[in-house]
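To start, the structure under review is shown below, and the notes come after it.
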Amino acid sequence: MFIHNRQQELITLLLQDKEWRTLEEISSHLNCSVKTVRRDLIYLQDYLPLEWKIQIEKGKGVLLYKPPHSSSTDIYLFFKQNDLTFQILDYLLQGKIHTVANLAEVLYMQVSSLSIHLQNVEKYLNQFELQLHKKPLRIV
């Protein structure tokens, strides 16, 4: 699962209050088309935690249902855990993956596609004055 910044912003917008929001209002806020908002809502519906629901009703708009026992931070944590950058970090911290090829294999992607995600991991690690070494693949 990959969540775009726009999709995270969409969830944030829906979490702000418990009011119905029209697709036009959302698309204006996100600077994208109504069709893109619809696609994002369908995509997000498939990946929300089990008890979370996105309601879409013609004439009313969109409403995000959050279970009473859940907090807004639960959804952000859920998406971060499913974010590819954090999946890569998790594999690296477990210490079981030692090559880029092994990492690509467990993530079911090509090595060439993985390189851009490894750059994102490097940027993230730099915030903590850590580095990503590739031979062998590890965090130092």
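Cβ coordinates are placed from backbone N, Cα and C, and glycine is handled just like the others.
These numbers come from a predicted model, not from an experiment.
Per TrEMBL, domain 'M protein trans-acting positive regulator (MGA) HTH' is recorded for 6-60. Under the heading domain 'Mga helix-turn-helix', TrEMBL lists 71-139.
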Q. DSSP says what for the domain 'M protein trans-acting positive regulator (MGA) HTH' (6-60): how many helix, strand, coil residues?
A. 33 helix, 6 strand, 16 coil
(Q) Averaged over the domain 'Mga helix-turn-helix' (71-139), what pLDDT does the predicted model reach? (A) 87
